[in-house]
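Taken from TrEMBL as is:
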- 1-28: signal peptide (SIGNAL)
- CYS45-CYS76: disulfide bond (DISULFID)
- CYS49-CYS81: disulfide bond (DISULFID)
- CYS60-CYS66: disulfide bond (DISULFID)
Amino acid sequence: IKTCTEPINGFFLLSILHFFQTSRITRSDEDKEGSWDAWGSWSDCSRTCGGGASYSLRRCLNGRNCEGRNIRYKTCSSNDCPSDVGDFRAQQCSAYNDVKYQGHFYEWIPVYNDPTAPCALKCQALGKNLIVELAPKVLDGTRCNTESLDMCISGICQVCSWCKSTCDLCCETLRTLSTFWLFFIFMYQFTLDISASTAK
């Protein structure tokens, strides 16, 4: 029997709410007669360990008039990498160690949790106050930040939540969340803040 372990991170509530929202969207899409062809098979994983991304496509049968999305993502290869492999974002920064920047070689280390550009490859020169965006987007499967399971796919931070029928994580852009769910999340957090203030 295959069991799932729930993600333990600061965005667990968002993942749960997003799960129900995407489930509703998926059912709505499937109910549209003849709009979409069946989903295609999943692509190869972008990584062999440490968590990567796989995608599936479907074709609109009515030209360009279909509602919904034509691509979906899920995580894959979630097994831990060998200890000598290191952090995925760090690997991408170190790949530039042999590339001159403004006439000099630097040893680059990753800059994590940038709220303005979570999927850009920003690195800092070791021992120096020099932070550079070495690439406009990180490789698919790179975590958006260290506090959640959300990952970067095609340069966009994708919100990852449990697929309804598997133990994989399905990922979509944050903007696919409806205004209702965003308001619900805001009010939930607001209630927690009020409760915490009252308890003091």
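Cβ atoms here come from the backbone N, Cα and C positions, even for glycine.
Keep in mind that what you see is a predicted model, and the values were worked out from it rather than measured.
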Please identify which of CYS49, CYS66, CYS76 has the densest Cβ environment, defined as other Cβ atoms within 10 Å, among these disulfide-bonded residues.
CYS76
Between the disulfide-bonded residues CYS45, CYS60, CYS81, whose Cβ has more other Cβ atoms within 10 Å than any of the rest?
CYS45
Rounded Cα-Cα span from CYS49 (disulfide bond) to CYS60 (disulfide bond), Å:
33
Rounded to the nearest Å, what's the C-alpha distance separating CYS49 (disulfide bond) and CYS76 (disulfide bond)? Just drop the number here, would you?
8
